[in-house]
């Protein structure tokens, strides 16, 4: 990384790019000419290696037919476990604790069905009011399946400022009636990183199992689950991990829980050598593979093979180093160039509390996003008034960040956003 103090000049951006140790990975990705893509926290870009691995698995279907389950470069029968092994270094887990399977919401249903056991006074699930809505939908559903009322048995920690959560408030809410905790690792709006190590330790002091939704952190920040002793986690792979739209998700279960039967069992929960014995009594796998349910979505999984190879080469620590540097650069530029335009920084400024994206707040956010798109910049809008921007370490440049800020300054100065309605599109 370039170590010289921040300067708001174009030349400074070019120097940062010149000293970027990850710059060689930029050519791995398909980037549309004339476009600045800053939405990798919502959907990552396609890499050439991800494209190649998808085509390789299509070819294995073409060449081997049903024998593709055990033949070819990437036999389908073992693909979920292989990708779990490649994912493990990104979350600091053991390979056998990690599996690529299903979708984030389905995996939430799996871990809640497995770990939520309301007994006596311990009947409630602890979450928060800022988490992604689908997590809440799944928790409410699982509570109803236990014959309980979500309004009474789902506790949501309140935010003090509408942007972030206080870990002290979360710990204070870990009362004797809490049976299970599910929290985001990084908040999807503000990008705040929760202290997973501290929260896990505090939950375990009280005899509570705790897990995390990593959708906005995996591939962006390091995790150390073995050290922290986290009980379970779920995530998607299509954001920072660039697995493509509908890419298969991931699941982690601490190996100390491998004696626990999955709450939702299915065809691929089986031990591999027993699966085709066709017995009606399940012999569950003795690793995270037990928490699979149905047949792997092979073609939706395929791009992740190539993508995870890139992450293995780049290293999550190096990616985090650049992410912190380039997001700090974006914040400094915004502060220097956009004063007087009524923007508010909605994300934490401290490095240890900031994830991989920047969250700008403005009363005209929806139509500012539309104006940015009309000028070739791809951000995303989050209600009620947020513009999310992710300069991704693998493929975004400092020059792009500099150009983006100049474009936004022009939009605000010329009031170009007034040409658009201030409401979100169907897909924001």
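Each Cβ is built from the backbone N, Cα and C atoms, and glycine gets one as well.
Model, not experiment: these values are computed from the prediction.
Packing around residue 104 (pyridoxal 5'-phosphate binding site) is summarised by its Cβ count: 22 other Cβ atoms lie within 10 angstroms of its Cβ, all protein chains included. The pyridoxal 5'-phosphate binding site feature in Swiss-Prot is assigned to 104, 105, 132, 133, 134, 135, 213, 216, 238, 267, 295; the stated evidence is sequence analysis.
The N6-(pyridoxal phosphate)lysine annotation in Swiss-Prot covers 239 and rests on sequence analysis. Shown in sequence order, 40, 41, 42, 43, 44, 215, 216, 218, 219 are the residues of the chain, 6+ apart in sequence, with a C-beta less than 8 angstroms from the C-beta of residue 239 (N6-(pyridoxal phosphate)lysine).
In three-state terms derived from DSSP, residue 239 (N6-(pyridoxal phosphate)lysine) belongs to neither a helical nor a strand segment and is classed as coil. Counting Cβ atoms from all protein chains shown, residue 132 (pyridoxal 5'-phosphate binding site) has 16 others lying within 10 Å of its own Cβ. Within 10 Å of the Cβ of residue 295 (pyridoxal 5'-phosphate binding site) there are 12 other Cβ atoms, across all protein chains.
The record assigns 104, 105, 132, 133, 134, 135, 213, 216, 238, 267, 295 to the pyridoxal 5'-phosphate site; their largest pairwise CA distance measures 30 Å.
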